[in-house]
Amino acid sequence: MDSKKKSSAEAEGSKERGLVHVWQAGSFSLTPERLPGWGGKTVLQAALGVKHGVLLTEDGEVYSFGTLPWKSEAAEICPSSPLLESALVGHHVVTVATGSFHSGAVTESGVVYMWGENAAGQCAVANQQYVSEPSPVSISDSETSPLLAVRILQLACGEEHTLALSISREIWAWGTGCQLGLITTTFPVTKPQKVEHLAGRVVLQVACGAFHSLALVQCLPPQDLKPVPERCNQCSQLLITMTDKEDHVIISDSHCCPLGVTLSESQAEKHASTVTSPHPETLDGQGEVFENTVAEAELNMGSDQTTSGSAISAQQNIVGMAEVSSARTAPSYPDTQTVTAYLQKLSEHSVKENHEREEKLPQVQPLVEEAVPDLHSPPTTSTSALNSLVVSCASAVGVRVAATYEAGALSLKKVMNFYSTAPCEPGAPSGTASTGPESLKDLREEQVKQESLQGKKSSSLMDIREEESEGGSRRLSLPGLLSQVSPRLLRKAARVKTRTVVLTPTYSGEADALLPSLRTEVWTWGKGKEGQLGHGDVLPRLQPLCVKCLDGKEVIHLEAGGSHSLALTAKSQVYSWGSNTFGQLGHSEFPTTVPRLSKVSSESGVWSVAAGHGYSLFLVDTEDFQPGLYYSGRQDRAEGDTLPENPSGTTTPVLLSCSKLGYISRVTAGKDSYLALVDKNIMGYIASLHELATTERRFYSKLSEIKSQILRPLLSLEHLGTVTTVQLLQEVASRFSKLCYLIGQHGASLSSYLQGMKEARNLVIMKHSSLFLDSYTEYCTSVSNFLVMGGSQLLAKPAIDFLNKNQELLQDLSEVNDENTQLMEILNALFFLPIRRLHNYAKVLLKLATCFEVTSPEYQKLQDSSSCYESLALHLGKKRKEAEYTLSFWKTFPGKMTDSLRKPERRLLCESSNRALSLQHAGRFSVNWFILFNDALVHAQFSTHHVFPLATLWAEPLSEETGGVNGLKITTPEEQFTLISSTPQEKTKWLRAISQAVDQALRGTSDFPLYGGSSTVQRQEPPISRSAKYTFYKDTRLKDATYDGRWLSGKPHGRGVLKWPDGKVYSGTFRNGLEDGYGEYRIPNKALNKEDHYVGHWKEGKMCGQGVYSYASGEVFEGCFQDNMRHGHGLLRSGKLTSSSPSMFIGQWVMDKKAGYGVFDDITRGEKYMGMWQDDACQGNGVVVTQFGLYYEGNFHLNKMMGNGVLLSEDDTIYEGEFSDDWTLCGKGTLTMPNGDYIEGYFSGEWGSGIKITGTYFKPSLYESDKDRPKAFRKLGNLAVAADEKWRAVFDECWRQLGCESPGQGEVWKAWDNIAVALTTNRRQHKDSPEILSRSQTQTLESLEYIPQHVGAFSVEKYDDIKKYLIKACDTPLHPLGRLVETLVAVYRMTYVGVGANRRLLQEAVKEIKSYLKRIFQLVRFLFPELPEEGSTVPLSAPLPTGRRSFCTGKSDSRSESPEPGYVVTSSGLLLPVLLPRLYPPLFMLYALDNDREEDIYWECVLRLNKQPDIALLGFLGVQRKFWPATLSILGESKKVLPSTKDACFASAVECLQQISTTFTPSDKLKVIQQTFEEISQSVLASLQEDFLWSMDDLFPVFLYVVLRARIRNLGSEVHLIEDLMDPYLQHGEQGIMFTTLKACYYQIQREKLN
């Protein structure tokens, strides 16, 4: 607040604002009085009741004055000076309100305080006559849980009620009477209740008369309109009524709820249709009881009138008042033209009918006098009721229409009789009506006229046809009884030739949030005896009802007097309705029950209003911007008046003399007095604000006039010109409408601003200047585009005729004074007229700035804003000149080229017609014309031309050595040429022009000045690297392809998307114009109606590196590419399991063909081939296994088994010899039976289908050892591919990634550089993929970016560092080593899973792992040269920990008998922990299959022996008794071992050994075995209580017991895996002996027999 005061003081001097002047109502005293006893505090707001008033000061204090009977102390009842309401001190009140005898205030925290008379509960206090001091009112929303206090924004008070508007824009009411809008019969209402009928709508303002209420509500956006229910939500009556007549059916959809609930236009949206039904539908309710019994008496309803559907409809409309919806679509009639023609005949016939019926309807005079509205209002209640009585739904041809017409006439006669009982409106003269039939005819014509005007009501304010002209009163010459036919059909026929132009919706987001909405509705409720509700009748309403005729009138403020209402519009007009006894409505037209324009001043617009008891005040704009005050209403009785009971009033509003007072900012009206708040004009600040507000409101009126009188009629013409012309003009009109709406909103906000604190920093034009600057810029752009394309010269003859007829109007509106000016120039001046307003803004803001100190922030902001508007005005002026320059250029340009080059947004910058620029090396007679537009450089030659878009154009000056002084090099994606200028100055001019144009084209904007910044800051040179879109036309590979992405010096470079016309698309990175890096490529396959899809790496425009290619046929290849071909290691999946030939190949490719080692899985045949390939065929050594257990290894030729081979069947039958085809024996060989018998000789035939043998049968001697039997078994693997030859491509690829052409040949530093690059590149690519890296993965990648550095001698610590690095590297496929391991795991699983899970392949699988270890170890030693070779020893930096007990001696001794000299470096020790866990499942499965038979024997013995208790088993196994545990410690308790005890002895050792199955590597498994031995020693030591020495004879039975109790299912597989993969140096050490013991136990268990 301090800063606010300071700013105000600087601008104004001191305390010269908010002065209070009071007039007596009706006295017209020339000089108003200053409020008695009032000091000098600035008053922001005042409110007046019948005999009292309140003032709100700038510092948030409230003062009461007048008669205050509710005060407790006598001195305060009639205070001599305004009395401070001490109860409100410190609460900072922001708004006040008064009713007739009570007051209210709202604090800045949204709390309401009430005081004064409370007989009707209007102060929200129960059972209390008066509330002497302001007391807070509790308002809480019961719908929320817990109850939330409702914050209030505004307050309005009537005589017996109060309304509050909450911050969520809902109305809360309390007090007494129907004016509360609450559904209740219990009064008074002392607890504030929500007015539910308006819940969900945005209420902008509330106002209270004595006994009626008004609300200003924001219109619903179109999408918020909801579909219709079948019945009314409030009274449960049908929304569409149907009455079955003798020959037709009458349907009415104009339901109006008796509670005063009207339907929204869309809710009445039901098509009228022909219905023929023998059973008439009737409504339930015959009427509703009002709280006001007088209203019920006035209705005077007879029972006979409520029997027919038409009468029911009429009754409902009398009670509830609704209008036939005008937003409905026309029903689908069979033949609209027939109906239209028929209607014409019908209209001629009905004129005669009218004359014949003249005598029959003499009683309608009062009705017509009340109901005829002026042209501007939609139909009133009576007309609406009449119209909806008889809506015929005949099929609209022939007899049906005639029948409807006749029956309708009878219905209408009934209605007339019904209406004649309604009372005449009070105050309406009775002798001025014309004769009945003529009046009725006028009424029906008016109705049809209104229906057609409201025709297709758009919810957008920008519908050009929506706002009717406010002037003339033409009427259509259609007969009255045409209402028999559906009014929709009439509307449709009336607007057949009208162009529908719906322009930009006015919901502009930001502007609507910051400025008051003009899309408003007025809702009224309460008592309506004087017509103050505006519904065309005098009936009360229990609930809010929309005053439809104010829709689209842009009402921005409401005021309610004692029994009349005022609505102020954005166009500075006032609509008034209600009691006009004293002329308080400002006009003398009837009826006064509907809103009509007040005739305040023909020249001045009204910007503020106040309504008192019997009078109104209008604050108007004057020529010198000082507000003038008009008074309209009651006058006090003059001296000697003999008729005091007939008080007089004004016939027209009277201007009060108040110019000497100062600038009135607000007027307030009470009963007998009214007051004005006045500001003195110190330093011109107030005058400048009023000038801004007045000119803005006048500007809006001017724009509205242009829209309604020029644009709307122009756009509604049938033939405007070409499609382009219409589009351009519609764009102009749309932007114009948007600007117009913004100006209207701003004018309304300025009116509110003048009534407030008037702080400079809160001016919308300064605070949110971008709203205005953008709107003006958009509008100017659309007008300039229209002008460039020829402007008004494009318009067709009907448009030109219209403009010629209205030339005087055009001249007047465009402010062109010269009568000789051409029509086109006038139209251009009119379109550019709004731009002038920017200069006015700049001027007024500058004026305001001078009222402040130069150092103040206000001065700076106002100065900056003024500069913004001025610079934009100059800029838009420049844009207009550019448009005119471009237009004149097109007029001289050759016609054919104009059509192709002329575009609305294209502007000419410069051209070389004066030969200032020429093409280097051009022919002697060639003509080269260069034209620079804002979006392209055009090179024209004779009749041809070429367009170079600026976004993809690079210009640079040539150096003197290469091209002379005046050369300019122009580079485009497909052209490169040199331009020579005539002089160095010309060269500089062209270079600057081209560079500036390119820069603007790239930024996507013209050279608009930066808002709030300098407009001179220009980038001199456009960037060499940029984003742009281009379509190639020349390049053979890229012809007609479109590229959108990054460029560098004329070539695609960086990320981009390239699309070919045939549907091919590449999306990825480019380098020097070619695909290079990572990208995605799609190629449509029209034959299969699918597409090929490649995602992966590219090099120089070709697929190169890792990628995935998905073929349209369903095949998928994942692997390496080179020159668009599969080359290197890859996986090809063909088909799926459900398809005809599913298969999978993984292996090496050369030039798009399988070559080298690969594995082929033929899923259909159940065979897997593992061997060599050449030219897509199996060639060389290989192995085949089948799902039936057959195993073949040998030679292949052209996909067939050919040459030497070995074949094994599942039952161990072996053939070793020659083959000629798949599974076909042919030649010399040996067949060995499972029992060892064998046949040597010649074999021919297919295996499994009979083999022809010529040879010798051998039966081995019984004395031959078993070892000699399976000779072939020992030969297995000799004809398979050597392990080191497998997957060479995988390892070669890894070496290549490290920068080595062959294994081990390369620089280490270069390898590490490549690793860093790979990690960075892969991470960047991974960011674009949908998979998100976890935090741990990200940390792993970050740690891998550090290269391990090793200086000095190699140690165990360095060895551990390398081990840790390898574990991390192999964990991420983004690292070359990680990718290698991932690929090896994939190929290993692919080989040995499924059909490959064959026990014959175990040795191959083991060899393969050993080969992996050897080859990876070579890679690791290359990266870490200091790592010793295989089998070397690393000295220990610290001695072995002392105190470890040797299991052999059982003693604790620091001196080991065979101390390890150091740590042995082996490939398996380093790499198996990384590799084996990943390969373990398939490998262990092979071990299990291979040891299947002996495992079964072992397991059977284990299960059998484990049935015995511990003591029995120990005895059976021969364990010495001294080692038997006597007692056991279980959960801390010592328990004796009983004969029945089971699974208790050596339990810790058993548990330890069971963990062998959870480990992967042999070293880990050996550690488990070692730990088990130690646990056994500990257990024995605990029972013996003394040192002892193990001997193998003692140890073996105990360990055997532990192995049995451990119950390891696949112990044989575990033993064999350790044996195959353990480091050789461990075999003779301690762990080797322990392992041998375990192996002995395994074989011993198989031979144990239980006695």
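Here the Cβ of each residue, glycine as well, is placed from N, Cα and C on the backbone.
Remember, predicted model here, so these are calculated numbers, not experimental data.
Feature annotation from Swiss-Prot across THR504, THR1561 places phosphothreonine at THR504. Between SER477, SER579, SER1437, the residue that has phosphoserine written against it in Swiss-Prot is SER477.
Residues SER377, SER1302, SER1329 are shown; Swiss-Prot lists phosphoserine for one of them, SER1329. When SER145, SER486 are compared with the annotations in Swiss-Prot, the one labelled phosphoserine turns out to be SER486. According to DSSP, the secondary structure content of the repeat 'MORN 3' (1094-1116) in residues is 0 helix, 16 strand, 7 coil. Residues 1171-1172, 1177-1185, 1220-1225, 1230-1234, 1247, 1270, 1272-1273, 1275-1280, 1400 of the same chain sit 6 or more residues outside the repeat 'MORN 7' (1192-1214) yet have a Cβ under 8 Å from a Cβ within it. All protein chains included, LYS527 (N6-acetyllysine) registers 24 other Cβ atoms within 10 Å of its own Cβ.
Across the repeat 'MORN 2' (1066-1088), DSSP helix (H, G, I), strand (E, B) and coil residues number 0 helix, 18 strand, 5 coil. Looking at the repeat 'MORN 1' (1043-1065) alone, the prediction's average pLDDT is 95. Only residues 6 or more beyond the boundaries of the repeat 'MORN 1' (1043-1065), in the same chain, are considered here, and those with a CB under 8 A from a CB of the stretch are 952, 954, 971-973, 976, 1024-1032, 1071-1075, 1080-1084, 1091. The domain 'PH' (895-1001): residue composition by secondary structure is 32 helix, 39 strand, 36 coil, according to DSSP.
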